[in-house]
Amino acid sequence: MAPSPVGSMPVPPPMGGSTAELLPETALALILRRELEPSLGIGQEMKFKSSRFGRDPSEMRCPSNIVPQNLTHISEFHLLGLSNDPDLQPILFGLFLSMYLVTVLGNLLIILAVSSDSHLHTPMYFFLSNLSLADICFISTTVPKMIVDILTHSRAISYVGCLTQMSFLIIFGCMDDLLLTVMAYDRYVAICHPLHDPVIMNPHLCVFFVFVSLLLSLLESQLHNLIILQFAYFKNVDIYNFCCEPAQILNLDCSDSFIKNIVKYFVGAIFGLFPISVILFSYYKIVSSILQIPSPGGKYKAFSTCGSHLSVVCLFYGTSVGMYLGSAVSHSPRKGVASSVMYTIVTPMLNCFIYSLRNKDIKNSLRMLHSEKVYVRT
């Protein structure tokens, strides 16, 4: 065998000829081709995989020696966001199952309390009941799948299933976002313009706000789907999260990241900057009006009506916006798992506690329901 032109590595002879007949460039190209083809997975549905616990997927680069083709027909993705330690699986199962049940039951109680008490048939509690319904749907998009994966020891999710989960995540996440914004505007009208509140926040306008929130959420979901359906290559089929997080799915694309970042910042402006601006403006007006109230008791009562909403706003936006916009700057998907858990699981669970424990009207309505139930039994 002739000596290799690149160090001491032997050059495998080609079919039907010897290495001596090859030019140095041809021999080097043959070596690189034979070394790279197996690692790129050519002929295996073009699934570009790295070691699940070795190389960071952010370091992967898209192949340059492959004929472009549409690879959105890949069969499945792998969700790797939670621990693979077998000893932790029962703990994770019990933890997330309990959080899911608490969230669903707590938000159902809020919906039941609002619908059964005629004193709570106001714009504030109408939006709160819709927020509770959106939270139930939001957490139901991710946790049941995660619980099934833990039980079956499977991390696979189909391509269609991943896009479906991502779509529902966007819809109900944006619904939460916009409903919190509408609730801030409702508090502004109720405190700053109390005499005009019944006229401004009439039932038709409330229903219109909810309808517009749902419509914008659907449009945002379709925008993400249209972008992802245009993907030509995926860097990897491993998603370092427990769900198909939209920002991380966008980062799997091999095309130029400029367009993706433009979309991220545009969506962040529409569903992040604009709602936050409305909320900040509303609370600026609210605080200015409350400070003009002479009695300390009146100030406390006015602030107490906004405390629950403000707590939920800080929790939701602090995690979701940070996760979404931060992914455009940091390309390490593992860093977003904690934020995803916070805004997809913890926030919907805490919403029902915040609005039930800090709200006297909800607590009184729940007590009435309980007393009526006891009276019927006796």
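For all residues, glycine too, the Cβ spot is worked out from N, Cα and C.
Here TrEMBL flags 106-355 as domain 'G-protein coupled receptors family 1 profile'.
Cβ atoms under 8 Å from those of the transmembrane segment (91-113) belong to residues 82-83, 120, 128-129, 132-133, 135-136, 139-140, 143-144, 146-147, 150-151, 345-346, 348-349, 351-353, 355-356, 362, 365-366, 369 of the same chain, restricted to positions at least 6 beyond its ends. What TrEMBL records for 91-113 (among others) is transmembrane segment.
Among residues of the same chain six or more beyond the transmembrane segment (125-144), those with a C-beta under 8 A of the stretch's C-beta atoms are 96-97, 99-100, 103-104, 107-108, 110-111, 114-115, 165, 168-169, 172-173, 175-176, 179-180, 182-183, 186, 206, 209-210, 242-243, 344-345, 347-349, 351-352, 355, 361. What TrEMBL records for 125-144 (among others) is transmembrane segment.
Residues annotated as transmembrane segment in TrEMBL: 156-179 (among others).
For 199-219 (among others), the entry in TrEMBL reads transmembrane segment.
Annotated transmembrane segment per TrEMBL: 265-284 (among others), in sequence order. Sequence-distant contacts of the transmembrane segment (265-284) (same chain, at least 6 residues past either end, Cβ-Cβ under 8 Å): 174, 177-178, 180-181, 184-185, 187-188, 216, 220, 223, 306, 310, 313, 317, 321, 324-325, 328.
Residues or ranges marked as transmembrane segment by TrEMBL: 305-325 (among others).
Residues or ranges marked as transmembrane segment in TrEMBL: 337-357 (among others).
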